[in-house]
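I have placed the structure first, in the form of structure tokens, so that the comments after it can refer back to it.
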Amino acid sequence: MPSQRSPTKRSPTKRSPQKGAGKGGKGSKRGGKARRRGGAAVRRRRRRRESYGIYIYKVLKQVHPDTGISSRGMSIMNSFVNDVFERVAAEASRLTKYNRRSTVSSREIQTAVRLLLPGELAKHAVSEGTKAVTKYTTSR
């Protein structure tokens, strides 16, 4: 007797691959396996996501040792630091162009910080920056 399939069970059909589906695709989260010429499978290294997270955490522990931070809070702080960095870099670059120079120096960074940050905050930022540069130059 020929085997009959029950109407509830379906055989797998060939489907076209969906966009972003599968290993190693643009949308997949996990990296796929790369093949070498010999055929041995080798895992690809995942691209590292750069973040200021560890530095934000160190500063938090210096200021408030008993306080933690959520991943959402860390993400917001990371975005904030990136934003301030971009603003200072853009302003320092503009100042360098105005003065017809080709190198951004600590003087341009300091002036950019003074222009971007208000009053007392700018003074504290400049003093901390000067302290950090002095510490770096003496350690070299």
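Cβ atoms are placed via backbone N, Cα and C, with glycine included.
Copied from Swiss-Prot, the annotated features are:
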type	residues	note
REGION	1-47	region 'Disordered'
MOTIF	6-9	motif 'SPKK motif 1'
MOD_RES	SER11	phosphoserine
MOD_RES	SER16	phosphoserine
CARBOHYD	SER127	O-linked glycosylation site
CROSSLNK	LYS135	ubiquitin cross-link
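Here the C-alpha separation of SER127 (O-linked glycosylation site) and LYS135 (ubiquitin cross-link) works out to 12 Å.
Using a 10 Å radius centred on the Cβ of SER127 (O-linked glycosylation site) and all shown protein chains, the other Cβ atoms total 10.
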